[in-house]
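Let me give you the structure first, and then I'll get to my questions.
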Amino acid sequence: GRMWVYTVGFTVLPHVGGFLGWFLNRKEIPAWYEKLKKPSWCPSRRVFPVAWTMLYTGMGYASYLVWNDLGGCNSKAIVPLGLYGAQLVLNWAWPPLFFGARNLNMALIDILCLDGLAIGTLCSWYRINRLAALLLLPYLGWLAMATCLTIRIWRDNPERKPGRSD
């Protein structure tokens, strides 16, 4: 009867860091982000909260499926849930690096490492629960776009990188 608590907990968990990242950095978006040179294909600011709500919900529920199929937190769960946890930490670290610290170099390194961990998570989950792995596909697609966007912003805004004199 308590499985719904785990389902909700795992599903909500990714939203916690996502919300905190937005809340702590929300003032930097109009103050700094809007002034950056961005490619024409950059999504509208209004798309991001909707996209992340759906993506965090999917990945959170998928993590529950993997946890449940593995029988909880045990030795079999260390790698698949460890990869998930590590990529989630890097996911949550990106907004403070990018918006808060305005550090395009560190944000780029973060998202490239995040990509590798997210792919590793999907590969490890595929053997455990195919639905969970499939639920990560939209996230990987969005990460690919976000990585390309981060690379373009990093490349096209050299004066915004730390350590460069104006």
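If you go along the chain as it appears here, the first residue is 1 and each next one adds 1.
Cβ from N, Cα, C; glycine included.
What you are looking at is a predicted structure, and each value in this text was computed from that prediction instead of being measured.
Heads up, here are the entries from TrEMBL:
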- 6-25: transmembrane segment (TRANSMEM)
- 46-65: transmembrane segment (TRANSMEM)
- 77-94: transmembrane segment (TRANSMEM)
- 106-128: transmembrane segment (TRANSMEM)
- 134-154: transmembrane segment (TRANSMEM)
Which residues of the chain, 6 or more past the ends of the transmembrane segment (134-154), have a CB below 8 A from one of its CBs?
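Answer is 36-39, 42-43, 51, 54-55, 58-59, 61-62, 65, 98, 104-105, 107-108, 111-112, 114-115, 118-119, 121-122, 125, 161.
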If we skip the immediate neighbours and take only residues 6+ beyond the ends of the transmembrane segment (77-94), which ones have a Cβ under 8 Å from one of its Cβ atoms?
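Residues 13-14, 17-18, 20-21, 59, 63, 66-67, 70-71, 107, 110-111, 113-114, 117-118, 120-121, 124-125, 128.
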Report, as numbers and ranges, every residue of the chain located at least six residues beyond the transmembrane segment (6-25) whose Cβ falls under 8 Å of a Cβ in that stretch; write 'none' if there are none.
49, 52-53, 56-57, 59-61, 63-64, 67-68, 88-89, 91-92, 94-96, 98-100
